[in-house]
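The block underneath contains the structure these notes are about, expressed in structure tokens.
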Amino acid sequence: MEAHLADMESSGGPTSSLAGTSRNTHVEDDDVVFIESVQPPICAPAIPNERNFVFASSKHENPPGTDSTISPSWRDLTSQKGNLCETIVIDDEGDTDTNGGEEKNPTDFIEWGPNGNKSSTKNVDFPIASLSRSKTKTAVGPFNPGRIDVTDAFQNGRFAVHHNPDSWISQSASFPRNQKQQGVDSLSPVASLPKQIFQPSNQQPTKPVKVTCANCKKPLQKGQTAYQRKGSAHLFCSTTCLSSFSHKRTRKTRNVMCKKDSPVRTTTIVPPVESSKSLQGFYNASLSPYENCQSLRKEVFTKSRCIICNKLGEVRHEISVNSITHKLCSNNCFNEYRLTNGLIMNCCEQCSKYMPKSTGHSILITGQQKRFCCQNCADEYKEIMEAKSKLLLLQNRKRNAIREENEKRLRESSGTLSGNTGDIPEKKEKSSEIIKVAADCSLDTSSEEQNVNLPCSVAVISDTFKEQLGDKNSEELDMSILPSLDPGSWPRILNMKQREFLVKNNPPQIRNFNFPKDSAGKKFSETYYTRILPNGEKGTRPWLLYSASKDSVFCLYCRLFGEGKNQLRNENGCKDWHHLSHLLSKHDESEMHINNSVKYSKLKSDLENKTNEATEGGEDCVQLLYT
């Protein structure tokens, strides 16, 4: 290799050589350093030539801040006349040719002589198989602005020059990437490096999302009934958690009146010097009418009327049936609504724990089927019911005592009145009428007449009054109060006593009857008494009544409490047998029918409570039926 370089030196006159690597790579670097020669020390021979060296930096240069000395090995630099400019391009990104497992870097040296000389090209191959230099294709190393040692470049696999201690080369200037110096041709633009995309090798499997109750934080099982308040994203496992979680958020409304346009009328309050009130109290006292109006609106929007008790208060439960929302104020109203409409919940009556249909204990309590998850919940529920019944008994006793005192005072006043009247029969009849009216105004006259010993005069007057008016009143009451059980014979408008009579007697459904056919051959069938629920189960229609006198059907709830011109509500009934199935299914889901059913169940429960109070008035113990 030294002989080859010697031939290059003796190839004629002062030359300027360009050393470059010929390769076909996708990555080039355009970081350029311009280096010019400086005067050596006095003891060294002067260098008349001023050279500019251009190095194409590679990614394996020394880090910034390290200085190295470059000494040229050409002997004829001192014999050169004039100032010649030499450009040297060094690049270590050459392609490697593989030949028998050995890598080589072909390097071309191109020499230029003075004007008129032809350029000659010599190919020099340097084997670099034994070198430990590593090449990286994914990134470009930092640019070295310091001095470069040519011998280090040869050791890295490029070229070798003889070190000449008499030559001194220093750095003159450095330029960043993709920048061109005036008067010097820069290298070709560098192709952009391909970006390496890093992808995770192993993606973590997605975990199944657990849905929990917002109140008790218990996980909801698959298939479990979840409760959700309208307008809220929280889910609950039971109605107890739903009602105890939080209050309903305030309704957002649009401001109708702008605060700037509204007249601000404030009352100026000057607190006395000795006042101990805070400034906040005086500030609240001087609110504008607009702010007062806004506070009243918020209070109105947070309250609504319950469909069961008809009270205006906070809504704790909302039930949506066919886009109709029914609002309930408490758990008691919700339970009453559920029992009235036959809603079945798969949860324990005591702890509200979810239970599948095939599990749990079913117990009949006060004529109603209750479900419990375990025997402990059933015992606790029994204790609660017994405590409530004892409380009701005490309240009944208190009311009875008050009623007895009022009747005692009435008897004393009537006794004095009968003593003063003497033998006048007309006054006796008037006094007996007064006593009768007072007895009718009492809550329960039948039970009290057996326990109370009336005076002789009052008893005689009442007996004579009953004997005289007994027959006439009984006939009139039977005609006006007691309608027949056939809904076709009921009057158009029913009074309260007639409604109570029909609710107590519960008109039966006609079965095993030869229903007549109409002109089209259609007739009523007993299958209309049942219906198919959305879950596939069969449900009953206890409100559907057939009238044999008019050959039509009626709705018991809507006939007693309904209003309007519905066919199932009016006095003629419905006899459209061809479309009856569609009419009944539509009537089941109507808002009017649901409201009337609630009224019917409420009246029936009130009547049952009155009868229970009358029967349990003389008993000291509490009796509950458990099977």
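Glycine too: its Cβ is placed from the backbone N, Cα and C atoms.
Positions annotated as region 'Disordered' by Swiss-Prot: 1-23 (among others).
Look at Swiss-Prot and you will find 12-23 tagged as compositional bias 'Polar residues'.
The SUMO2 cross-link annotation in Swiss-Prot covers Lys59 (among others).
The feature region 'Disordered' is assigned by Swiss-Prot to 91-123 (among others).
Marked as SUMO2 cross-link by Swiss-Prot on the basis of similarity to another entry: Lys137 (among others).
Residues annotated as SUMO2 cross-link in Swiss-Prot, with similarity to another entry given as evidence: Lys195 (among others).
Residues annotated as zinc finger in Swiss-Prot: 234-268 (among others).
Sequence annotations record features per position, and here Swiss-Prot assigns zinc finger to 280-319 (among others).
Annotation comment: Swiss-Prot describes 326-354 (among others) as zinc finger. Residues in the zinc finger (326-354) partition by DSSP class (helix H, G, I; strand E, B; coil) as 11 helix, 5 strand, 13 coil.
Mean pLDDT, taken over the zinc finger (370-396), works out to 85 on the 0 to 100 scale. Sequence annotations record features per position, and here Swiss-Prot assigns zinc finger to 370-396 (among others).
Sequence annotations record features per position, and here Swiss-Prot assigns region 'Disordered' to 405-429 (among others).
Residues or ranges marked as SUMO2 cross-link in Swiss-Prot (evidence: similarity to another entry): Lys408 (among others). Lys408 (SUMO2 cross-link) falls within a helix when secondary structure is assigned with DSSP. If you draw a 10 Å sphere around the CB of Lys408 (SUMO2 cross-link), it holds 11 other CB atoms from the protein chains shown.
Taken from Swiss-Prot, the feature SUMO2 cross-link applies to Lys427 (among others), supported by similarity to another entry.
The feature SUMO2 cross-link is assigned by Swiss-Prot to Lys517 (among others). Residues near Lys517 (SUMO2 cross-link) in space but far in sequence (CB under 8 A, at least 6 apart, same chain), listed by position: Lys523.
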